[in-house]
Amino acid sequence: MKIEILGTGCPKCKKLSELTAEAIKELGVSAEITKVTDLNKFIDYGVILTPALVINGEVKVAGKVPSKKEITKWIEEKKNK
Amino acid sequence: MILDILMGGLSALKEYIALHVVTCLIPAFLLAGGIIAFTSRDIILKYLGVKAKNIISFPLAAISSIFIAVCSCTVIPVSAGIYRKGGAIAPAFILLWVAPASNLLAVIYTGTIIGYEMAGARIITAFVTAFVMGTVMYLSFHKEETERMIAGEKGGNDDKKIIAGKDIILLLLILFSLLSPNYLIIKGPYLYKVYVFTISISITFLYAYFVIKKDRISNWLKETWWFVKLIFPLLLMGVFIVGVIGKILPQQWIEHWLGGNSLRSSFLATLIGSISYFATMTEAPFVDTLMKLGMGKGPALALLLTGPGMSLPNMLAIIKIFGLKKASVYIVTMVILATLSGWFWGNYIFRR
């Protein structure tokens, strides 16, 4: 599974990375987390508001920090496919 | 001597923070958090991204700036996104300027500390300069922009509203808690203001408790807490530094270089503001301190706008995203406009 975190290094982006890492650890799935800071990449995903969470190329959330529960749900959905 | 300087810093903390925490900072943060939590910023941005006519997109960009970001750091990606997606160069730059120069938190704080006249001037000037700058950017780069334009409307077009009616009432109640202590009790002990505030904020929370869904309330408080965590430490540090600088700077210098409302004073104030980085809100106590030391009102306005509006790191980021040519036109235009507005307000509008 490929997870990308789009952000410019703002505190919210860091929080999102932390929560995502925790969620992955708790679920025990193998996933590769990449932090994307290149603004051009944001546009490719159509993301304007940071931070954003992208799982396997699909934008799950943009512009806010989701709860860990939500992140866990998204990862599980993708895992089961 | 050193003790004296430190005391200056501490007394600034007391004057600018302690006195304003309850009646200004708390409701201001709650309001900012509410705006982030209850408005759909992506929808506002969608309107900006499409090829709207200038007469619509200019004011729209300026007004929505208030709702979108608080400091220059968060506005840069947003502005870059609008620019890349729709090729709307003028709205992108308007956002880049207005969002930090006249954001909600900073304007409220300016009003409390320096006065509502200055806060109003700050908003009006930010808008007027934004429109002029937007026109300059449009005329300079319009041709190459239309060639580059890519219609990039991604994502489903669901019919979400910008904000729900119930939420607007909540935002208005917060706004009322923010304004009522300072307007109902203009002269009178601080404690009275606290009483008024306690009553109005209780009404606000009761309304929220009975009308707004629980998860939305928690979302609102979470966003508010983000603002507090992000801005409050910077504000404390900034205000302390302001107090120290106020002790160190000789009054004659300020009077000489920044006093009066001449073009030169206004230009120097603009330069200081454009180059140095001010965390959101810290520019207000800084300008207030300089005004007490003799800075004119016109230069004060110029500094209030450019302080948060532009900074060296901000310029570098803009160059990286928009290219040197567009960034230079923007920066030079803004320096000229800020200088002129300081001079104009100082000489024709702020009468002594």
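Yeah, the Cβs are placed from backbone N, Cα and C, and that goes for glycine too.
What TrEMBL says about a protein is an automatic prediction, not a curated fact.
Annotated in TrEMBL:
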type	residues	note
ACT_SITE	A:CYS10	active site, nucleophile
ACT_SITE	A:CYS13	active site, nucleophile
DISULFID	A:CYS10-A:CYS13	disulfide bond
DOMAIN	A:1-76	domain 'Thioredoxin-like fold'
Among A:CYS10, A:CYS13 [active-site residues], residue with fewest other Cβ within 10 Å:
A:CYS10
Which state, by DSSP, holds A:CYS13 (active site, nucleophile): helix, strand or coil?
helix
The domain 'Thioredoxin-like fold' (A:1-76): mean pLDDT?
87
